[in-house]
Amino acid sequence: MVKSITLVGSTGSIGTQTLDIVSQYPDQFRIVGLAAGSNVEMLAEQIRQFRPQIAAISAAEKLPALQAAIKDLDPQPILLGGEAGVIEVARYGDAETVVTGIVGCAGLLPTIAAIEAGKDIALANKETLIAGGPVVLPLVEKHGVKLLPADSEHSAIFQCLQGVPKGGLKKILLTASGGAFRDWDVERLAEVTVSDALKHPNWSMGRKITVDSATLMNKGLEVIEAHFLFGLDYQDIEIVIHPQSIIHSLIELQDTSVLAQLGWPDMRLPLLYALSWPERIYTDWERLNLVKAGNLTFREPDHQKYPCMQLAYAAGRAGGSMPAVLNAANEQVVALFLDEKIKFLDIPRCIELVCDRHQNDNCANPSLDDILAADQWARQEVLTATKNLASQPQIISVN
């Protein structure tokens, strides 16, 4: 039976890899809806290839260009523009599963719309749970939908948990490559350029998540996501540096057994599993050869080099609206870094300033409006914080 899929964030890294899977397995999957940010040319090509019933472009001013680019298609898909258009695509029609590939908190509202429409979620947008976990998880339960992780680490944990009885999980071990600077001395980080930060040693990803990998904020955010997905306390979720990125994460069980999921670093594998679960689909992809992979090594993360990791743990433990503030501040400050308006070491300093300013206003049981308000406040506060960085001491370590 062919599974019907809607994909939001279709022109990004997650989106294009998802469409690679759909094109490789047309007897398994079909596309109902597509939504993208601003890339008219790529979205038009995707519409021509996959013939969705509906499509949207978030940059509303580019809707006329999209309409013109596919004016010869027959039949014409429904074409929408703006954030409201993306939300409509997420809830539209008979799609069984919605893949959330939008980067950042922009994916929250489309994900909620899809859940409320009764659609299963292949979650590749970790910010949905990090910022919106207190709202999203009750909606998942209310509407009886499945929330399937589609990023490598949480997919690995999910796969390892198949067959583990309730209460059997003791600890989660999230593996991290260490990012672009895993072999750099801390002192060299003051010299980091944007080009340096975008040289990930193992994975092919978008610009924002590649910078997050370099700061290890990506792994810190994944700790918060794991807390929401699997229900463990933060003290039972650990990060370990694994430079080869062959073991994608591990779980420790109550009897001290440890289970791991292994594979080449290829995002298509967790995406395929999220789409095909509970089935396993044969692929002709390269098989893992442990002899070829060679040594698998592990080390503790350097807290001095990666202060963002500890900022994420602190925000997660604070709970409430604090993770939303952390996430929004990180998104905004990484964008400033990519635009070369701040230095690499300014990233954790700025995030810490913004989170500190939110402590007295942290909302313990936030509504969706509270989360969205905290998100917007944090983005504005980043602009103030960056102006004050010169007067703040540099972070050396966070205990």
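A Cβ is built for glycine as well, from the same backbone N, Cα and C atoms used for every other residue.
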Cross-ref Swiss-Prot: Mn(2+) site ASP151, GLU153; candidate in list GLU61, GLU222, GLU238 matching that site is GLU222
Cross-ref Swiss-Prot: 1-deoxy-D-xylulose 5-phosphate site SER152, GLU153, SER177, HIS200, SER213, ASN218, LYS219, GLU222; candidate in list LYS119, LYS126, LYS142, LYS166 matching that site is LYS126
From candidates GLY82, GLY178, GLY179, GLY206, Swiss-Prot puts in the same NADPH site as THR11, GLY12, SER13, ILE14, GLY37, ASN39, ASN125, GLU127 the residue GLY206
Apart from the site residues ASP151, GLU153, GLU222, the 8 Å Cβ neighbourhood of the Mn(2+) centroid comprises LYS126, PRO149, SER152, HIS154, SER155, LEU174, ASN218, LYS219, GLU225, ALA226, SER249
Between the two most distant Cα atoms of the NADPH-binding residues THR11, GLY12, SER13, ILE14, GLY37, ASN39, ASN125, GLU127, GLY206, the distance in Å is 22
Taking only the CA atoms, the spacing between GLU222 (1-deoxy-D-xylulose 5-phosphate binding site) and ASP151 (Mn(2+) binding site), expressed in whole angstrom, is 10
Spacing of the two Cα atoms, THR11 (NADPH binding site) and ASP151 (Mn(2+) binding site), in whole angstrom, works out to 17
Counting across all protein chains, other CB atoms within 10 angstroms of the CB of LYS126 (1-deoxy-D-xylulose 5-phosphate binding site) number 28
If you rank the binding-site residues ASP151, GLU153, GLU222 by how many other Cβ atoms lie within 10 Å of their Cβ, the lowest count goes to ASP151
Cβ contacts within 10 Å for GLY206 (NADPH binding site), all chains included, total 16
